[in-house]
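See structure below.
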Amino acid sequence: MREAMQLVPMVIEQSSRGERSFDIYSRLLRERIIFLNGEVNDTVSALVCAQLLFLEAENSKKPINLYINSPGGVVTSGLAMYDTMRFIRAPVHTLCMGTARSMGSFLLMAGEAGGRAALPNASILIHQPSGGFQGQASDMMIHAEEILKTKQRMTRLYAEHCGRSYEDFERGMDRDRFMTAEEALEWGLIDRILTVREGEIPD
(Lines of atoms letter the chains of each structure in order from A and count residues from 1; the text may use other names and numbers.)
(Lines give C-alpha, C1' and ligand atoms only; values in the text may rest on other atoms or scores of the structure.)
Protein backbone atom coordinates (compact mmCIF):
# COMPACT_ATOMS: atom_id res chain seq x y z
CA MET A 1 0.00 0.00 0.00
CA ARG A 2 2.78 2.42 0.91
CA GLU A 3 4.55 1.73 -2.38
CA ALA A 4 1.35 2.45 -4.30
CA MET A 5 0.94 5.80 -2.54
CA GLN A 6 4.49 6.75 -3.47
CA LEU A 7 3.98 6.16 -7.19
CA VAL A 8 4.70 9.29 -9.21
CA PRO A 9 2.99 9.67 -12.61
CA MET A 10 5.22 9.93 -15.66
CA VAL A 11 4.65 12.31 -18.57
CA ILE A 12 5.76 11.40 -22.09
CA GLU A 13 6.53 14.17 -24.56
CA GLN A 14 7.11 13.92 -28.28
CA SER A 15 9.87 15.95 -29.90
CA SER A 16 11.91 15.94 -33.08
CA ARG A 17 14.41 13.77 -31.23
CA GLY A 18 11.81 11.22 -30.22
CA GLU A 19 10.03 10.55 -26.94
CA ARG A 20 11.16 11.84 -23.55
CA SER A 21 9.66 10.88 -20.22
CA PHE A 22 9.55 12.99 -17.07
CA ASP A 23 8.09 12.45 -13.63
CA ILE A 24 5.20 14.86 -13.22
CA TYR A 25 7.00 17.09 -10.69
CA SER A 26 10.05 17.53 -12.93
CA ARG A 27 7.76 18.45 -15.81
CA LEU A 28 5.94 21.01 -13.69
CA LEU A 29 9.28 22.40 -12.50
CA ARG A 30 9.98 23.28 -16.13
CA GLU A 31 6.86 25.45 -15.92
CA ARG A 32 8.29 27.07 -12.74
CA ILE A 33 5.81 25.27 -10.48
CA ILE A 34 6.98 23.90 -7.11
CA PHE A 35 4.79 21.72 -4.90
CA LEU A 36 4.91 21.86 -1.11
CA ASN A 37 2.74 18.86 -0.34
CA GLY A 38 2.70 17.37 3.16
CA GLU A 39 4.59 18.06 6.34
CA VAL A 40 7.25 20.75 6.54
CA ASN A 41 10.54 19.17 7.60
CA ASP A 42 14.25 19.42 6.83
CA THR A 43 14.07 17.08 3.83
CA VAL A 44 11.15 18.92 2.22
CA SER A 45 12.75 22.27 3.03
CA ALA A 46 16.01 21.30 1.33
CA LEU A 47 14.15 20.19 -1.81
CA VAL A 48 12.04 23.34 -2.02
CA CYS A 49 15.02 25.64 -1.37
CA ALA A 50 17.07 23.84 -4.03
CA GLN A 51 14.24 24.21 -6.57
CA LEU A 52 13.84 27.90 -5.76
CA LEU A 53 17.55 28.52 -6.26
CA PHE A 54 17.59 26.50 -9.48
CA LEU A 55 14.67 28.41 -10.99
CA GLU A 56 16.20 31.74 -9.97
CA ALA A 57 19.45 30.75 -11.71
CA GLU A 58 17.47 29.98 -14.87
CA ASN A 59 15.54 33.25 -14.84
CA SER A 60 15.75 35.76 -12.00
CA LYS A 61 12.81 37.87 -13.22
CA LYS A 62 10.14 35.35 -14.16
CA PRO A 63 7.77 34.43 -11.29
CA ILE A 64 7.96 31.09 -9.50
CA ASN A 65 4.69 29.45 -8.42
CA LEU A 66 4.67 27.64 -5.07
CA TYR A 67 1.58 25.45 -4.61
CA ILE A 68 0.92 24.65 -0.95
CA ASN A 69 -1.08 21.81 0.61
CA SER A 70 0.55 21.38 4.00
CA PRO A 71 -0.44 20.77 7.64
CA GLY A 72 2.69 22.62 8.78
CA GLY A 73 5.65 21.17 10.60
CA VAL A 74 9.10 22.16 11.84
CA VAL A 75 9.49 25.90 12.38
CA THR A 76 13.19 26.09 11.49
CA SER A 77 12.58 24.15 8.26
CA GLY A 78 9.82 26.58 7.33
CA LEU A 79 11.95 29.61 8.14
CA ALA A 80 14.67 28.26 5.84
CA MET A 81 12.14 28.23 2.99
CA TYR A 82 10.84 31.66 3.97
CA ASP A 83 14.33 33.17 3.95
CA THR A 84 15.10 31.58 0.58
CA MET A 85 11.85 32.92 -0.89
CA ARG A 86 12.78 36.41 0.28
CA PHE A 87 16.46 36.05 -0.69
CA ILE A 88 16.08 35.13 -4.35
CA ARG A 89 15.36 37.85 -6.89
CA ALA A 90 12.62 35.97 -8.74
CA PRO A 91 9.17 36.77 -7.30
CA VAL A 92 7.47 33.80 -5.63
CA HIS A 93 3.70 33.53 -6.06
CA THR A 94 1.90 31.26 -3.59
CA LEU A 95 -1.34 29.29 -3.91
CA CYS A 96 -3.12 27.27 -1.23
CA MET A 97 -4.86 24.20 -2.58
CA GLY A 98 -6.36 22.04 0.15
CA THR A 99 -4.91 23.39 3.36
CA ALA A 100 -2.16 25.66 4.62
CA ARG A 101 -1.83 25.24 8.36
CA SER A 102 0.72 26.56 10.82
CA MET A 103 4.00 26.89 8.92
CA GLY A 104 2.06 26.24 5.72
CA SER A 105 0.06 29.44 6.22
CA PHE A 106 3.25 31.30 7.11
CA LEU A 107 4.76 30.36 3.73
CA LEU A 108 1.49 31.15 1.96
CA MET A 109 1.43 34.74 3.24
CA ALA A 110 5.18 35.14 2.50
CA GLY A 111 4.58 35.15 -1.25
CA GLU A 112 5.05 38.22 -3.41
CA ALA A 113 2.52 40.93 -2.57
CA GLY A 114 -0.32 40.66 -5.07
CA GLY A 115 0.64 37.09 -5.93
CA ARG A 116 -0.81 35.21 -2.95
CA ALA A 117 -3.97 33.22 -3.61
CA ALA A 118 -6.15 30.35 -2.44
CA LEU A 119 -8.70 28.10 -4.08
CA PRO A 120 -12.32 28.57 -2.93
CA ASN A 121 -12.47 25.61 -0.52
CA ALA A 122 -9.00 26.02 0.96
CA SER A 123 -8.56 25.87 4.74
CA ILE A 124 -5.98 28.08 6.45
CA LEU A 125 -4.81 27.90 10.08
CA ILE A 126 -2.66 30.31 12.05
CA HIS A 127 -1.42 29.74 15.59
CA GLN A 128 1.59 30.33 17.78
CA PRO A 129 4.61 28.02 17.45
CA SER A 130 4.86 25.11 19.86
CA GLY A 131 7.66 22.93 21.11
CA GLY A 132 8.59 20.42 23.76
CA PHE A 133 11.75 19.81 25.75
CA GLN A 134 12.84 17.57 28.59
CA GLY A 135 15.81 18.16 30.83
CA GLN A 136 17.05 20.38 33.61
CA ALA A 137 14.85 23.27 34.69
CA SER A 138 17.43 25.86 33.61
CA ASP A 139 17.66 24.32 30.13
CA MET A 140 13.87 24.19 29.86
CA MET A 141 13.75 27.91 30.63
CA ILE A 142 16.27 28.59 27.85
CA HIS A 143 14.16 26.66 25.36
CA ALA A 144 10.98 28.40 26.53
CA GLU A 145 12.66 31.77 25.94
CA GLU A 146 13.69 30.68 22.45
CA ILE A 147 10.12 29.61 21.62
CA LEU A 148 8.87 32.98 22.86
CA LYS A 149 11.39 34.81 20.64
CA THR A 150 10.30 32.71 17.66
CA LYS A 151 6.65 33.50 18.39
CA GLN A 152 7.40 37.23 18.51
CA ARG A 153 9.42 37.08 15.28
CA MET A 154 6.72 35.17 13.41
CA THR A 155 3.96 37.43 14.75
CA ARG A 156 5.88 40.47 13.51
CA LEU A 157 6.37 38.91 10.06
CA TYR A 158 2.69 37.96 9.78
CA ALA A 159 1.76 41.55 10.62
CA GLU A 160 4.24 43.03 8.12
CA HIS A 161 3.18 40.80 5.23
CA CYS A 162 -0.55 41.05 5.93
CA GLY A 163 -0.78 44.77 6.62
CA ARG A 164 -2.30 44.40 10.08
CA SER A 165 -1.07 45.33 13.53
CA TYR A 166 1.21 43.16 15.65
CA GLU A 167 -1.51 43.12 18.30
CA ASP A 168 -4.06 41.74 15.81
CA PHE A 169 -1.92 38.72 15.08
CA GLU A 170 -0.80 38.33 18.68
CA ARG A 171 -4.45 37.93 19.66
CA GLY A 172 -5.34 35.94 16.56
CA MET A 173 -2.55 33.40 17.05
CA ASP A 174 -3.08 32.91 20.79
CA ARG A 175 -5.19 29.84 19.97
CA ASP A 176 -5.76 27.83 16.81
CA ARG A 177 -7.59 30.05 14.34
CA PHE A 178 -9.05 28.27 11.31
CA MET A 179 -9.97 30.40 8.32
CA THR A 180 -11.87 29.97 5.11
CA ALA A 181 -10.39 31.46 1.96
CA GLU A 182 -12.65 34.49 2.45
CA GLU A 183 -11.44 35.00 6.02
CA ALA A 184 -7.81 34.60 4.96
CA LEU A 185 -8.41 37.32 2.36
CA GLU A 186 -9.90 39.58 5.03
CA TRP A 187 -6.90 38.98 7.29
CA GLY A 188 -4.48 39.78 4.47
CA LEU A 189 -2.86 36.34 4.25
CA ILE A 190 -3.84 36.16 0.58
CA ASP A 191 -4.59 38.73 -2.09
CA ARG A 192 -7.31 36.91 -4.01
CA ILE A 193 -9.40 33.76 -4.29
CA LEU A 194 -9.11 31.91 -7.59
CA THR A 195 -12.38 30.53 -8.92
CA VAL A 196 -11.20 30.19 -12.53
CA ARG A 197 -7.75 29.98 -14.06
CA GLU A 198 -6.28 33.39 -14.78
CA GLY A 199 -6.95 34.47 -18.34
CA GLU A 200 -10.06 32.29 -18.67
CA ILE A 201 -13.58 33.67 -18.98
CA PRO A 202 -16.18 31.89 -16.79
CA ASP A 203 -19.27 30.45 -18.48
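The backbone N, Cα and C atoms fix where each Cβ goes, and this holds for glycine too.
Remark: SER102 (active site, nucleophile) has PRO71, GLY72, GLY73, LEU125, ILE126, HIS127 as non-local neighbours, by Cβ distance under 8 Å and separation of at least 6 in sequence. In the three-state DSSP scheme, SER102 (active site, nucleophile) falls into the coil class. Swiss-Prot lists SER102 with the feature active site, nucleophile, giving sequence analysis as the kind of evidence.
The active site annotation in Swiss-Prot covers HIS127. Within 10 Å of the C-beta of HIS127 (active site) there are 17 other C-beta atoms, taking all protein chains into account.
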